[in-house]
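Chemist: Summarising the annotation, TrEMBL assigns transmembrane segment to 20-36, 51-72, 81-100, 112-133, 154-173, 185-207, 216-235, 241-257.
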Amino acid sequence: MAYRIQNTNSTANHLSPRILFVTVAPFTVSAILYTFSNNLSYHTLKYMDPVSYQVLTNLKILTTAVLFRIILRKPLTWKKWLALLLLMAGSMLDGASGKVGSSSSVNMTASYMHVTYFGIFLMMIYTTISGFSGVYTEYTIKKIPKMDINLQNCLLYIFGILINGFLFVTSGLSDNKPLNLFEGFSVYTWIIILTQSLVGIFFGYVFKYASNITRLFIIGCSMVLTTLLAMLIWAMPIHPLFLLTASLIILSLYLYYS
């Protein structure tokens, strides 16, 4: 009987409001950070062309690594720093690949290319917050190792939906617009939502059992794989820049994990 009373009290204490708040609140912070960074990324596109955006957004590789070292206090050797710089260089080259097709496409892209100082300022904020979002979420997930990763993903998504839903309603009311959440949605929209949700859930597992650095390399390798699949499916010719991009990413992968 004494054991049962003690066990019951322990369970009640475990589920107390204070413990519940301390456990759940960090996921709210992660959801706010992701909401801010995702919306800021679209706002940044107003001040630069898409190709420049694709190139500069890879600066978050460096910001993520720096914050990973500071917040999680994970030491990185000079060889690992070099690997991350090579990964960033390869990813930037991949983002710039849209500028180096035919000579006509280069001239066309150059005529539409524009990057403002305010756009660069927003990009620096975005890459910093994006890196901080990932590192903070990894810290939050790993801080409670016994909590199931599916529950952690669920909490993050629930708060993300609530926060974005609140912003949607308030912006619609302020602009006197009808609150039609699914306006303009198509089958392709739902496919994008589904795939992005699955990617987010997958990266939750990466944060739990690996790290943000692993996530960066997964994204880098996915760029190479996407190009290879495009070459196989649509018989696209191999561009010399792709060979350089793939070489840098593969070399960075070897240097970091060797």
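Just so it is clear, glycine is given a Cβ too, placed from its N, Cα and C backbone atoms.
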Chemist: For the transmembrane segment (241-257), what are the same-chain contacts with Cβ under 8 Å, counting residues 6+ beyond its ends?
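Modeler: Cβ under 8 Å, 6 or more out: 79-80, 82-87, 89-91, 93-94, 96-97, 100, 213, 217, 220-221, 223-224, 227.
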Chemist: Return yes if the transmembrane segment (154-173) and the transmembrane segment (20-36) have at least 3 CB pairs under 8 Å (sequence gap of 6 or more), otherwise no.
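Modeler: Per Cβ check, the transmembrane segment (154-173) touches the transmembrane segment (20-36).
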Chemist: When you check the transmembrane segment (51-72) against the transmembrane segment (185-207), do you get at least 3 Cβ pairs under 8 Å, counting only pairs 6 or more apart in sequence?
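Modeler: By the criterion, they do not touch.
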Chemist: List, by number or range, the same-chain residues at least 6 past the transmembrane segment (20-36) whose CB is under 8 A from its CB atoms?
Modeler: 129, 132-133, 136-137, 140, 143-144, 147, 152, 155-156, 159-160, 162-164, 167
Chemist: Given a Cβ distance threshold of under 8 angstroms, which distant residues of the chain, six or more beyond its ends, lie next to the transmembrane segment (112-133)?
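Modeler: Residues packing against the transmembrane segment (112-133) from afar: 30, 33-34, 36-37, 40-41, 43-44, 46-49, 51-53, 56-57, 59-60, 62-68, 71, 99, 212.
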Chemist: Which residues of the same chain, at least 6 past either end of the transmembrane segment (81-100), have a Cβ under 8 Å from a Cβ in it?
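Modeler: For the transmembrane segment (81-100), the sequence-distant neighbours (Cβ-Cβ under 8 Å, at least 6 residues beyond its ends) are 51, 54-55, 57-59, 61-62, 65, 106, 109-110, 113, 213, 216-217, 219-220, 223-224, 227, 239, 241-242, 244-249, 251-256.
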Chemist: Report, as numbers and ranges, every residue of the chain located at least six residues beyond the transmembrane segment (216-235) whose Cβ falls under 8 Å of a Cβ in that stretch; write 'none' if there are none.
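Modeler: Answer is 61, 64-65, 84, 87, 90-91, 94, 206, 242, 245-246, 249-250, 252-253, 256.
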Chemist: With a Cβ cut-off under 8 Å, give me the same-chain residues at least six positions beyond the ends of the transmembrane segment (185-207) that come close to it.
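Modeler: 134, 137-138, 141-142, 149, 152-153, 156-157, 214-215, 218.
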